[in-house]
Amino acid sequence: MTNLAVIGGDGIGPEVVAEGLKVLNAVLPGVETTDYDLGARRYHATGEVLPDSVQNELAGHDAILLGAVGDPGVPPGVLERGLLLKLRFAFDHYVNLRPARLYEGVTSPLAGVKPGDIDFVVVREGTEGLYVGAGGVLAKGTPREVATEESLNSRSGVERVIRDAFSRAQSRPRRHLTLVHKQNVLVNAGNLWSRTFTEVGKEFPDVVTEYQHVDAASMFFVTQPQRFDVVVTDNLFGDILTDIAAAISGGIGLAASGNINPTKEYPSMFEPVHGSAPDITGKGIADPTATILSVALLLDHLGHTDEADKVEAAVADDLAAREPGAGVRTSEVGDRIAARVS
Ligand code: NAI
Ligand code: MG
């Protein structure tokens, strides 16, 4: 019995999560779910972001499905650091997995790029780098103000995410892995990443490897996305690159992600890349596809690979059948995909 924690969150979050659950129930009946009220609404009502008791309860689940959190009334950083990043660190989500695929029926903003040309996955490190909150501020508000943000990279942290990326590359037909960093300038961290990459690579002799600086990779994501199969990179570079990846493969309504702890010591958390979209909340026009694809990642992580493949195939069929230019009705997309998988 799978035990799923559900955080619908704010704005369109609950709308898209409802469709994700619809599809989950259709493909794998009997999943038990518990709803958690977290996000801007709770913050405004009680001042709480993530009480320890809730964090402990979440830890007892097999996985977490999250919609989105945030609204314009919450100061920047409160929910990002206090909820999303806190869970990523507390549950050691060291693999931030973000697939990019251009489906049939979806138009890329890149001229001349066809479905099939984009099919790669970015493995972004999720627990270290510039996101650990190492830094401080001195003489704030004065002309002498100094602010620092340090990037922390541990050998063990780098090694585990690189090993995960190699093994994902090994299981894909092309068996190709690109390390992205900036080792010519960020010489300390860059050297640690590239040495570790070379050493771990010896365990995977059948995986073809490549290295690119992050600026070059940004260019190639746009000019030659066909080059990529699996990409492994640090936390900040991965954050930025995956927005490019989402943009070239059909946009925010389709981009899925997993915050994964491959050891399964703590639950992994799956969520669409997009936010709470206050501009379209309540209109019933949010595209739930990113959430449904996140459910596919969730199923795959829990070992339900057939079900995961079914959901992905149903999404592909649904996208191919959509009328070009016609708008999306949130619940109709969920109904159609649920019908295809059941
Ligand atoms: P956003 O992703 O919510 O919206 C950006 C644009 O994309 C908007 O025009 C929106 O209508 C559209 N959009 C987003 N998801 C869509 C969907 N499924 N279907 C159709 N259109 C969609 O980003 P924005 O506006 O910068 O942030 C809004 C709020 O969300 C903020 O409070 C922000 O902090 C929060 N946020 C939360 C995230 C999370 O929970 N992981 C991630 C990004 C932002
Ligand atoms: Mg981002």
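We count from 1, first residue shown onward.
Glycine is treated like the rest: Cβ placed from N, Cα and C.
Here the structure is a predicted model, which means the values were calculated and not measured.
The substrate site recorded in TrEMBL comprises R88, R98, D215 together with one of R124, R175, R195, R227, namely R124. Summarising the environment of D243 (Mg(2+) binding site), the number of other Cβ atoms within 10 Å of its Cβ, over all protein chains shown, is 14.
Among the binding-site residues R88, D239, G275, I285, residues whose Cβ is positioned under 6 Å from ligand 1 are identified as G275.
Taking the Cβ of A277 (NAD(+) binding site) as reference, residues of its chain lying under 8 Å away and at least six apart in sequence are, in sequence order, G11, I12, A68, A286.
Of the listed binding-site residues, namely R88, K283, the sparsest CB environment within 10 A is found at K283. Residue environment of K182 (site 'Important for catalysis') contains 19 other Cβ atoms, counted within 10 Å of its Cβ in all protein chains. Proximity to ligand 2 (Cβ under 6 Å from any of its atoms) holds for these binding-site residues out of R88, D239, D279, T281: D239. One residue stands out among the binding-site residues D215, D239, D287 for having the most other Cβ atoms within 10 Å of its Cβ: D287.
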